[in-house]
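> Quick one: structure below, then a few questions.
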Protein chains: 2
Amino acid sequence: MSHPDAFTRLIQALCVLPNVGPKTAQRMAHALLQQNRQGAAELAHALQHALKQVNHCLDCNTFCEGERCNLCADPQRDPQRLMIVHMPADVAAMERAHCHDGHYFVLMGQINPIQNMDLNSIALEKLVQRLARSTISEIIIATAATAEGDATAYVLIELLKAQPYRISRLARGMPLGSEIEYVDAGTLAQAVYERKQLNHTP
Amino acid sequence: MSHPDAFTRLIQALCVLPNVGPKTAQRMAHALLQQNRQGAAELAHALQHALKQVNHCLDCNTFCEGERCNLCADPQRDPQRLMIVHMPADVAAMERAHCHDGHYFVLMGQINPIQNMDLNSIALEKLVQRLARSTISEIIIATAATAEGDATAYVLIELLKAQPYRISRLARGMPLGSEIEYVDAGTLAQAVYERKQLNHTP
């Protein structure tokens, strides 16, 4: 079965979506054109509108409309503490956890040599510029607890260690609510290795 | 439908199994008597044999046949470090993680006031006796990262804090391999709160 060119082109275009291969793309294309042409038109417009409107925040590098995002524009946030994360979704997760009242910097990526993502895939230069014009005293590296997160954290530490910032990284160990029996071996080993001393007996 | 007394008695007896209610117990009883009388006989014998043979290890309080378990009898283990856990399954999990080369003490329970499990539901007295005849210098409290685990840890700390042991607790934070975006809010907050400083800048 051969498709008209425009259909084939749409299928190929849909393959840019994460985790969408040719088969899924074909199903999507069929659904859009056969059952929901209005939805397809709206998707096209939304894409064009977003491409025109959505920029990177000048301060934290996250997606925003306008020059600065709401968080960076908020005078209530502590200007001394900066948390560095991979993605905008991580900012949202942190805000849901109500555990950081300072500012963020969004790298918009991570170091992942296997996927050819090197230093250029994270916004290091913009971070350096951000730090140069700030009053930040503490930097919290909140990269993922994965190999890619470790690699990214390592690059950040190398970049920042000569500067007069207090640098810390998220604690690793037992997730809240976990029973020993069901925690994976790597996490258990980490939790024992980084166990927290509770008294001052040497 | 009424059952003969012996059948009813078996159903009630099966209800002692965890997470087995009357309906499940009835299904189990039916399966055992109708389809697998040999299995039922073996289960009865295994129960009797276990009740006769399985004791608590005199040192670590885990289940074992004989006086001492294999781990306590092993001269290779570091006699200075004792890890306190809730259950035998926790010892198995730690051994799989290869992160502790000392000895264990198994409380065989946890503090859970809602389920009427108080100080008597953990082997505190036996722990005190164990410590009295040991050369232990460090105690690692490896209770669960749950409310019950916290309550149990609190009781242990109160019991031990006047003694000359170095007392520590498993680290809590991001589990290995986790992305910020998918970690629950409580764990994120804990990971930020207990973030690890990486340099010595004040």
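Heads up, the Cβ atoms here are built off N, Cα and C, so glycines get one too.
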> Do you know which of A:57-72, A:169-184, A:185-200 TrEMBL annotates as zinc finger?
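My reading of TrEMBL: the zinc finger range is A:57-72.
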> Taking helix as H, G and I and strand as E and B in DSSP, count the residues of the domain 'Toprim' (A:80-175) in helix, strand and coil.
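Helix, strand and coil residues of the domain 'Toprim' (A:80-175) number 39 helix, 23 strand, 34 coil.
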> Which residue counts does DSSP yield for the zinc finger (A:57-72) in the helix, strand and coil classes, in that order?
3 helix, 3 strand, 10 coil
> Restricting attention to the domain 'Toprim' (A:80-175), give the mean pLDDT.
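Average per-residue pLDDT within the domain 'Toprim' (A:80-175): 92.
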